[in-house]
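Written below as C-alpha cells is the structure these notes are about.
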C-alpha cells in the first residue's frame, strides 16, 4: 500500500539561498534566527529558553540547517541520532511566494514572472478599481496600497464598517487582498467580490497569482481579528502536478487539509478538509491519515507559521508554534505503516527577525521519514521539484518534467 503524507510548515526557511541577493534577503535564516533569539532569552514571551525541537532534530532538521548554512542552530543538538532522511532544497521558481513554492514541491516550478503591484501607494490601476466598483456595486474602496494585513485593519477597519467600502491592499507577493468585516459587510458578499476581482485580474492580463479574501471581526481598532474564513483564489498550475497525475493515472486520492486546495486551484484534489490553527490542522490530519487508503496523499499546510508569526515578525510566537508542532509530531509518526512516507517541508522563508513584513528567499528543509526510508543526508537539492519527482517514482506515475528523485 502506497501512502504519502506531506506537511508544509508554511514559511519555515533554513537559511538564505545562493540567489538571495536578487531578493534583498542575503543573511535571512528563519530557523537560525529564531533559535538564536531563543538561546539569548529574547523569545521568552509565552514560552521560555532555547528552542526545543527534539523530534524534528531526530528527523534531521538541525543537520539540514547545517547543510544550508554551515552551522547547527543555537541550542539545538547537532549530535542527536538522526532517524530520517534530510535535505535542504533551493527554489527554482522565479518568486518566493506560496503558489510558486507549493507548485514546485508538486513538480511544477514557476519559470515565468508573476505580475506585481509594486507601487506602495495607489498600488492598483484605476481601470481595475473602476471595474470592481461598477461590477460589485461598491460605494468605493479603501487602502489601495501595500500593507501588513493586521496593520491595515487598525488603520481602516472602523472606516470600512461605517462606509461599507472594502479594503484593497497588496504586498511584495503577486496578490490582490480584500479585507472586509464578516458581519457588517458579509462573508458571502466578500467571496463574491473576490470572484469578480479574480475574473478582472485574469481577463485584464495582470498575471496576479492570488486573490485573497481576508475576513475579520471586532468592533474597533485594536481588537479587530482576522478569522479562519480566509479564501485564496489562485490561478491553475501551468502543467499537471504530481497530485493531478496520481488522480488521473492511478485513480488515487489527494486530501487537502487547510489551504492546500486553494493554492492548487482545486486541481488534483479529491477531498477538502477545512481546519484553522495548528492543533485543529493536526487533528484533521491525523483523522485523514487513519482513513487513508492505497494511492493516497494527505497534504496539509500549517499556515500559522507564515500568517500569524512570520509576516507579523513574532519570534516568540513562531518559536512556540514550532515547539507545539514538535510535541505533536510523534502522533503522526506513530501512524505510519510499512510503505508509508512522511515528508516535512516548507514553501519559502519568512524570517521573523528580518526587515519589513514579507517572505524571505531561503532553502527549505526536506525531512523524510518512514519504516523503509534509509536515514541520512540526501544533500543539497537544486529544486523543490525533487519532492514531486520522488512522489512520482514512489506512486509509479509518469515522470515529472523537473526534479530528480531523492531515493
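Backbone N, Cα and C atoms are what each Cβ position is placed from, and that goes for glycine too.
Residues or ranges marked as Mn(2+) 1 binding site in Swiss-Prot: 10, 347, 348. Taken from Swiss-Prot, the feature N6-acetyllysine applies to 287, supported by experimental evidence. Annotated Mn(2+) 2 binding site per Swiss-Prot: 306, 311, 359, in sequence order, evidence recorded as sequence analysis.
For the recorded positions 287, 306, 311, a Cα-Cα cutoff of 10 angstroms around residue 10 (Mn(2+) 1 binding site) retains 306. The recorded positions under consideration are 287, 311, 348, 359. Their Cβ neighbour counts within 10 Å are lowest for 287. Counting in whole angstrom, residue 359 (Mn(2+) 2 binding site) lies 7 from residue 348 (Mn(2+) 1 binding site) by their C-alpha atoms. Excluding 306, 311, 359, which define the Mn(2+) 2 site, the same chain contributes 10, 11, 307, 310, 348, 350, 357, 358 within 8 Å (Cβ to the Cβ centroid), listed in sequence order. Neighbour counts of Cβ atoms within 10 Å were compared for the binding-site residues 10, 306, 347, and the top value is held by 347. DSSP assigns residue 287 (N6-acetyllysine) to a helical segment in the three-state reduction.
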